[in-house]
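Engineer: Take this structure, written in C-alpha cells, and hold onto it; I'll ask about it next.
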Amino acid sequence: MSALRRKFGEDYQVVNTSRSMTFSAPVKRKRQRFVEKNGRCNVQHGNLGGETSRYLSDLFTTLVDLKWRWNLLIFILTYTVAWLVMASMWWVIAYIRGDLSSTGHDPSYTPCVANVYNFPSAFLFFIETEATIGYGSRYITEKCPEGIILFLFQSLLGSIVDAFLIGCMFIKMSQPKKRAETLMFSQDAVISQRDGKLCLMFRVGNLRNSHMVSAQIRCKLIKSRQTPEGEFLPLDQCELDVGFGTGADQLFLVSPLTICHEINTNSPFFDLSQRSLMNEQFEIVVILEGIVETTGMTCQARTSYTEDEVLWGHRFLPVMSLEEGFFRVDYSQFHNTFEVPTPPYSVKEQEEKSSLTSPNPVAIAPTLPSPLLGNRVGRRERLLSADHAEHPEDQASRLPSKLQRMSSTKEEHLWRALKTGTALPGGKASSTGDLSLSIQRFRSSSIPAVRHGQPEEQVKLLSLDLDADEGDLAKHRQPTAISTIGAATPAPVPFPSMGSRPEDNLPAKLRKMNADR
C-alpha cells in the first residue's frame with residue numbers, strides 16, 4: 001500500500017473490488033442476471049412441442065453443443081453398441097452355417113470364418129477386422145459369400161461412425177470457447193470524467209501472447225421499459241456507443257485497454273446521476289469478438305455488469321510499467337479502482353445548470369468607426385427594440401417652437417439645393433443622381449470659421465451610408481443649439497436663403513471681394 005501511495009500520490013485511495021467488500025451504496029439483493037460473468041447466457045428454452053425434431057435435422061451441431069459428459073457417454077455407447085451388433089452378426093452367420101457345432105467336421109469342410117467357435121471368438125474377429133490388427137488365426141474363407149458382404153458393410157459403417165464421432169470430438173476440443181477463458185474483463189465498471197466528459201468505463205485484457213486479430217467490442221444495455229403505446233418490453237436491448245463512429249471499437253489487444261462510453265444526449269445514461277443509480281435496474285452486456293491468431297477461428301467472449309457493479313466516481317489503477325527493454329503488465333491491479341472527484345449530477349442536470357447560469361448573449365456584429373463619419377455606431381447597435389425606438393418626427397416635436405421653425409427652414413433650403421443640384425457656397429457643385437445625399441456631420445475641419453483673407457466657405461457632402469436610417473438624418477437635422485447640447489461638436493454654419501445665383505446669396509463684403517478678384 002505504501003508503494004502504491006508513493007507511486008500514485010497520497011490523494012489516491014485504492015479500492016478493493018472483491019465481492020466480499022461493501023461500498024457506500026446500499027447492498028442490494030442479488031437479482032437474476034441475463035448473462036453471467038463468465039459469459040453464459042442464463043436462458044432456457046421450454047415448451048418446444050414438436051419443434052424438438054429440428055435438433056435431429058442437424059445432429060452434428062447438436063452433438064457439438066452438448067456438454068462434455070454427454071458427448072463422452074454418446075461416444076462410448078455408440079462404439080460399444082456397434083461392436084456388439086457386428087459381432088452378433090458374425091456369430092449368427094457361423095451359427096447358421098453350423099460352424100459352432102461341437103461335433104467334428106469333415107476334413108474337406110470349409111467354415112465361413114476360420115477358428116470361430118463361439119460368441120467371444122466372433123467378437124475378437126470383429127475387433128481384429130475393425131482395428132486392422134490381423135493376428136492371422138481368424139480369417140474369412142472364399143466359401144462364405146454372406147461373410148464377404150458383411151465384411152464390406154462393416155468397413156463402410158465403421159468409417160462413417162469414426163468420421164462422425166471423432167470429428168465431433170475434435171471440433172468440440174478445438175472450439176474457440178476455451179480461448180475466451182484467457183480474455184479478462186474487469187469485475188466492475190466505473191463512471192468518472194475523462195477529457196471533461198462523463199464516461200462509463202470498463203477494462204479488458206488478454207492473458208496470452210498470441211493476439212486477437214480484428215478484435216471488436218460491442219455493448220448492449222438490457223433494461224425493461226414501457227412504450228408510449230403501453231407495450232411492456234421486459235428485456236429491451238439498446239446499443240451503447242463505445243467508439244463505433246471513430247473506430248475506437250476496433251481494438252489492438254496487446255495490453256489491457258480501458259473501454260470508454262461517453263455519456264451525452266444520445267446515451268441511454270443521459271439522465272443518470274449518482275442518486276438515481278441506486279434505484280435503477282439494468283444490465284450492460286459486453287461482447288468481445290476476434291479471430292484467434294493460431295487457429296484462424298472466430299472467438300467471442302462475453303460478460304455483464306449490473307447496476308450494483310457500476311461504481312460512481314472511480315477510476316482504474318494503472319497496470320503498465322516500463323522495465324528494462326519491455327513493458328510489464330501487473331494483473332494483480334487489474335480489477336482495483338480508486339476514487340476521484342466526480343460531480344454527482346447527471347449530464348442532463350449539468351447542461352441545464354450551465355444554461356441557466358451562463359445564458360447565451362445576443363451576438364452583435366461590431367462596427368468599425370469610419371474616418372468620414374466619426375464615431376457613428378452601426379444600425380444594429382442603435383436599434384435596441386422596436387418598442388423603444390424614437391422616430392425623427394417625435395424627436396423634432398420635443399424641440400421648442402422657435403427651434404423647430406429654424407430647423408425646418410434650414411432643412412428646406414438644404415434639401416432644395418440637393419435635389420436641384422444647385423452649386424453650394426464656394427462654387428462646389430454636387431450631383432445627387434439616383435442616390436440621395438445627406439450632410440452627416442459638419443466637422444470643424446470641413447467648415448472653418450470665417451476669417452479675414454478667406455474668400456469663401458467650403459461645405460463637404462458625405463454620401464449616405466447604406467445602414468443609415470431616418471433616426472440618423474433627424475439627429476443631424478437638429479439646429480446648432482441642440483447639436484451643441486447633444487454632443488461637443490462644432491456648430492454648423494447656417495445656409496443662406498437660396499437665390500437665382502449663388503453669388504447673390506453671399507454677404508455684401510464677400511460679393512465685393514469676389515468682384516475685385
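Just so you know, glycine gets a Cβ as well, placed from its N, Cα and C.
Not my notes, these are from TrEMBL:
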- 35-176: domain 'Potassium channel inwardly rectifying transmembrane' (DOMAIN)
- 72-93: transmembrane segment (TRANSMEM)
- 148-171: transmembrane segment (TRANSMEM)
- 183-354: domain 'Inward rectifier potassium channel C-terminal' (DOMAIN)
- 341-371: region 'Disordered' (REGION)
- 386-407: region 'Disordered' (REGION)
- 386-396: compositional bias 'Basic and acidic residues' (COMPBIAS)
- 481-517: region 'Disordered' (REGION)
Engineer: How about long-range neighbours of the transmembrane segment (148-171): same chain, 6 or more residues beyond its ends, C-beta under 8 Å?
Structural biologist: 60, 63-64, 71, 74-75, 78-79, 82, 86, 89-90, 93, 126, 129-130, 140
Engineer: Six or more residues beyond either end and a Cβ under 8 Å away: which residues meet both conditions relative to the transmembrane segment (72-93)?
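Structural biologist: Result: 63, 66, 100, 112-113, 116, 118-119, 122-123, 125-127, 130, 144, 146-147, 150, 154, 157-158, 161, 165, 169.
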Engineer: Averaged over the domain 'Inward rectifier potassium channel C-terminal' (183-354), what pLDDT does the predicted model reach?
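Structural biologist: PLDDT averaged over the stretch: 92.
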Engineer: Count the residues of the domain 'Potassium channel inwardly rectifying transmembrane' (35-176) that DSSP assigns to helix (H, G, I), to strand (E, B) and to coil, and report the three numbers in that order.
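Structural biologist: Going by DSSP assignments, the domain 'Potassium channel inwardly rectifying transmembrane' (35-176) contains 87 helix, 4 strand, 51 coil.
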